[in-house]
Amino acid sequence: MLPAGANLPAHLAALNAAQMAAVTSPASVLQVLAGPGSGKTRVITCRVVHLIKSAKIDPSNIIVATFTNKAANEMKHRIQSMLGSELPSKLIIGTFHATCRKYLINYGHHIKLWPNFRVADAEERLRSLVNPSYSTSKSIIKKIIKKIKSEMDPGTVQARISHLKANNESAAFYEAGLMKTKKVVSEDIAKIYRDYEDELIAHNLLDFDDLLIRMVELLRKMPQCVGNIEHVLIDEYQDTNLIQFDLMSLLASARSVITVVGDPDQSIYGFRSADRRNLKKLLQCYKETETITLEQNYRSTGAILHSSLSLIEQETSRPPKSLQSTIMSGTRPTYRKLRDNRSEGTWLAREINRIVKRTGTMIHYGDIAVLLRSASLSFELERGLGRAGIPYRMAGGKRFFDRAEIKDVMAYLRLINDPSDNSALLRVINVPSRGFGESRLNKLIAESEQYHTSLWTSLKSFIGGNTRLCGRSEDKVRSTLGAFVRTIEGLEKMNGEAIDVLIQQIVQKTRYRQYLEAKNPHDFQEKLDNIKELQEFALDARLREDDLPDIGLERNTTCRTPLGDFLAHISLMSDLVGNSEETAGKGILTISTIHAAKGLEWPVVFVPSIYQGSIPHSRAEDIDEERRLLFVAMTRAQRK
Ligand SMILES: Nc1ncnc2c1ncn2[C@@H]1O[C@H](COP(=O)(O)OP(=O)(O)OP(=O)(O)O)[C@@H](O)[C@H]1O
C-alpha cells in the first residue's frame, strides 16, 4: 500500500481506498467481488497498468481475458492512455476465444491441429442462396437436420451441443451415456452431434467451443507454451464456464498468479453454460485467495440503486452485500402499467420526447437506452419511435459486417483464401451478375454433391466442358465464368499481399464498383465508403498481434498468410459493432437487448415489457437468472 499523501501516479490517483487495495494487492490470487457501477472495470484496467509500471512485469507476460471484443478494445485504449507508450500492444488481451486461437495458430501443430484451420462462426451471418452455407455452426447443423429428416430446431440443437462441449462431453461420450436412457430426442441430438463433429473435421473447422477444448488439450500437453505468463486477469468472472476455469488455471500454471473481477448478481449467461460455481471453485482450488469487495456505486442515484437492490435481494440464497450510492438520492424510478405492446410503444416515444424537451439540451436521445428482454419485442417500440421521429440505432442490429457490400467483399476474400469455401463461392458467383441464376446454381450444387467435390471443382469441370449445366447460351456462360475463375486464380496468387491492396484489386477486377453503381444509383458512394472503411480496418487490424512473444519454443510459421489471419480475426468479432455505427451514437437513442447492455451505462434507461412470459421469460429455466437480468437492466441507469 502506498503511504497516505504520497504523490500518486495517474493510474492510482482516481481510486477510492478499496479500489486502491485491489489494484495494488500483492496477493497471488485475488478476487474482486462488487456490485454494478462500483468500478470493477476501472480496477482491472488500473491493476494491469500497476503490474507493468510498478511491479515491472513485461506486458507480454500478462494475459487479460474479457467477455467481449468490445470490452477488450476499450480496456486496451484506457491502458494505452494511462501508460502513454507502445507497451500495451504486447499485452495478450482479448476474449478467451481470441486468445485461444492465437495460441492454437502458433502451437496447435503440437496437438496435430492443421495450422490453417478456420473458425466456424457461431451465428449464421452468411446469406445462403440455395443451399445452407457450409461454414457456420448453425448452417452445418441445419444441413444435418435436413439430411436425417429430424424435426428439431437448429438453434436449440446448436445450444445443446455447445452446452455439451462446454461441459467436456464429447459426441462419443454423450452417445454412450444415452444407451441407458433410450430417449428419442436425445438420440437425434447424438446423431447430429456426431455428424456435426465429422463435418467440422472434414472442413478443417473449429467452432467456438473447440477453440477452448483444443487449447486445454494443448496446455495439458505443452504447459511450456505459457511458461512466460506471470499474471492472468479475468473480467466478468461470474460468467465464465467450467472449461474456462480449467483454462484460467492452465494459463496461470507457471506462477499461479491470478486476478478475477466479477459480480455474482450479474451472472446472466447461465443459458450459455456460464457457471456461478466457479466463484466457489476458485476458493477451493486456491486456498490463498484474497477477496476484496467494493461497496461504493458511482453510477446510479440512491433511488435507482435502492430499487435495484430491493429486487435482487429477493433471491433468498444470495449472501447479503452492501452497496451505497455516492450520488444523491434522485427521483424514484417510474413504474408504468400499459394495456399492450402498442400503447407501450406510443407511451415510450411520448415520454422520451417529454424528457428531452423538459431538460432543454441537458439530455439528448443519445443519453437514452431502451433495454429489451429479447430483440423480437422491438417492433411496436420501433413503430412508436418512428412515428414520433426519434432517431434510434439497434445495438447488435444491422452491423457493419452484415452490410451486403461488406459481405460480398468478405466472401471474395474467403474464396481467394480457400476456393473450396462453398458458401463464399455461392455468395459471389453471380455478383456482379454472370448469367448464373438459381436453376444453374442448383445444378452445380447437385453435381458437386453427386461427386463429393467442392463447388469450385465442379465449376472448373463445367468450364472445362466436362459437364453441362444449361441449355441455351451455354458457351457464353462458360466463357463468363471462365473469366471469373481466372480472376480468382489471379487474385489467389496475390494471397500474401496486404489486405487493403487485395480488396482494391477485387473491386477493380470484378467490376464491383460498376455493379454497385448500377444497383444503387443513389447511395453507391456510401457503400464504397463502407468498403474503404473495411480497407482501413484491415490496415488497422494489427495482425502482428497474432505473434506471441518468443519464449524459445518451436512454433508454427508455415501456412499463415495475412489474409488467413485477417479472416480468422473477423470471424471472432461477432460482437463488434461497426465503427461508424458505434460512433454515430451521439444524438441517437439506443435499443439493445439487456444481455448486450452488460457493462454499459446511460443517464436514462427504459425497460419495457416487464410481465410474466417476457421477463421472466416463458422459456427460461432459471427464475433467479431472469431476476439478475432485470437487475442488470435497472443498474445501467445513471439518473432516471
Ligand atoms: N473512484 C471513482 N471515482 C469516480 N468515479 C468512478 C470511480 N470508480 C468508478 N467510477 C465511475 O463509475 C462508473 C462505473 O464504473 P465501472 O464501469 O468501472 O463499474 P463496474 O463495476 O465495472 O460496473 P458494471 O458491473 O455495472 O459493469 C463509471 O462511469 C466510472 O468512471
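For all residues, glycine too, the Cβ spot is worked out from N, Cα and C.
All TrEMBL annotations are machine predictions without curation.
What you are looking at is a predicted structure, and each value in this text was computed from that prediction instead of being measured.
According to TrEMBL, the protein has these features:
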{"type": "BINDING", "residues": "Ala34, Gly35, Pro36, Gly37, Ser38, Gly39, Lys40, Thr41", "note": "ATP binding site"}
{"type": "DOMAIN", "residues": "13-301", "note": "domain 'UvrD-like helicase ATP-binding'"}
{"type": "DOMAIN", "residues": "302-599", "note": "domain 'UvrD-like helicase C-terminal'"}
Original post:
Looking only at Ser38, Thr41, the binding-site residues on record, which one has the least crowded Cβ, with the fewest other Cβ atoms within 10 Å?
Top reply: Thr41
Original post:
Which of the three DSSP-derived classes (helix, strand, coil) applies to Gly39 (ATP binding site)?
Top reply: coil
**OP:** Would you list, in sequence order, the residues of this chain other than Ala34, Gly35, Pro36, Gly37, Ser38, Gly39, Lys40, Thr41 that have their CB within 8 A of the centroid of the site's CB atoms, where the site is the one recorded for ATP?
**Re:** Asp263, Leu294, Asn297, Tyr298, Arg299
Subject >> Ala34 (ATP binding site) - helix vs strand vs coil (DSSP) >> reply: strand
Subject >> List of residues, in chain order, with Cβ under 8 A from that of Gly35 (ATP binding site) and at least 6 apart >> reply: Asp263, Asp265, Leu294, Glu295, Asn297, Lys321, Leu323, Thr635
Subject >> Cβ neighbours of Lys40 (ATP binding site) where a neighbour is any other Cβ within 10 Å >> reply: 24
